[in-house]
Amino acid sequence: MLNQSIKTIKQQCRTMSSEALPYQWLEGWLMSVLDKDKLFLIMHDDYMLTADEYDRFMQGVARMRSGEPLAYLVGEQDFFGRTFKVNPSTLIPRPDTERLIEAVLDWLSAQTIDSPSILDLGTGSGCIAITLAKELPTSDVLAVDMSVDALAVATQNGQRLAADNCRFVQSNWFGAVQGEFDTIVSNPPYIDKADKHLNALHHEPMTALVADDLGLSDIMMIIGGSVEYLKLGGLLAIEHGYDQGQSVRELFIRQGFDDVQTIKDYGGNDRLTMGVWHG
C-alpha cells in the first residue's frame, strides 16, 4: 500500500494494538524501520513512507502478531540505562531484573570492599554482569553461561559497552568456575513447565526459562553450590518467580544463609531473594 503517512500508520497502530501487541512495540518498530526517533514521529507526522518502508513495517507487525517480541526484531533492548544486543539465543532483559542490580549495588555500597569480585551465573545477554561491571568500575566480574551462542552475544555486549573488568567463560553453572567471590548473582530458569505464561514466551530460549521441581531445581542447585564459591560474609542474590518468594527463602535458610530477605519488583511482586554466607 502506497501513500501512507506517519500519522496514518500511527492511527493504524492504535487500532491494531492489544495486550499481546502493545502500541509501544508498534511505535518502536516504526522508529526502527524509519531509523528515526520518537521526536521525528511527532514533528513529521506528514512524512510519507516509501513502499519498501511500509512493506517492512507490515512484515514486522505480522511477526509480532505471531508472538515474536519487538526486541528480537530490532536486535536490542534497553536495560539500566544501556542498550544491549539480543537475539533468540538470549532472554530479553526486563525492567524487573533491574531490582536485582539495585539490591546488589545497595548491599555492596554498605560494605568495605575496594574491588568486589562478582560471579554472574547464566549471564545470557550479559546485562546483569556488564551493568554491575560498569556501575562498579573497580570490580572484577566473571560471567558464565552454558550456551555458546548466548555467550557470544554477551561478549559482544561487553566489548561494545567497554566493560573491560568483565570476563566471559563457558560453564554449566559452577562447572568451570574457580575461586571465591564477594557476590554471586543469577537470573536462572525458574518457570514451571506447566505454567500457562510460557505460551507467551515461546520465541525465547526455553532452556533459560524452564526448570523442574515447580521451577526450583536450578535455584536449589545454585544455592547449594554457592557456599563453595562465596567468601565468608559474601552475598548470594537470585531472581525468581512472583510466587516463589517463600520457597526460595526457606531454601536459603535451610542452606545456612543469614540476613535472608525477599525484595519485590516494581509491580509489588516477590522478585528476588538474597542472603549472606557466614559459613
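Each position is counted from 1, following the chain as shown.
Note: Cβ is positioned from N, Cα and C throughout, glycine not excepted.
The S-adenosyl-L-methionine binding site annotation in TrEMBL covers GLY122, THR123, GLY124, SER125, GLY126, ASP145, TRP173, ASN187. Every protein chain shown contributes to the tally, and the Cβ of ASP145 (S-adenosyl-L-methionine binding site) ends up with 29 other Cβ atoms within 10 Å. In the three-state DSSP reading, ASP145 (S-adenosyl-L-methionine binding site) counts as strand.
Here TrEMBL flags ASN187, PRO188, PRO189, TYR190 as substrate binding site. Under DSSP, ASN187 (S-adenosyl-L-methionine binding site) is assigned to coil, being neither helix nor strand in the three-state scheme.
According to TrEMBL, the domain 'Release factor glutamine methyltransferase N-terminal' annotation covers 30-75. Counting residues per DSSP class in helix, strand and coil order gives 31 helix, 2 strand, 13 coil for the domain 'Release factor glutamine methyltransferase N-terminal' (30-75).
Among the features that TrEMBL reports, domain 'Methyltransferase small' is placed at 111-202.
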Counting across all protein chains shown, how many other Cβ atoms sit within 10 Å of the Cβ of GLY124 (S-adenosyl-L-methionine binding site)?
28
Using a Cβ cut-off under 8 Å and a sequence separation of 6 or more, which residues in the same chain sit near TRP173 (S-adenosyl-L-methionine binding site)?
LEU121, GLY122, VAL144, MET146, ASP218, MET221, ILE222, GLY225
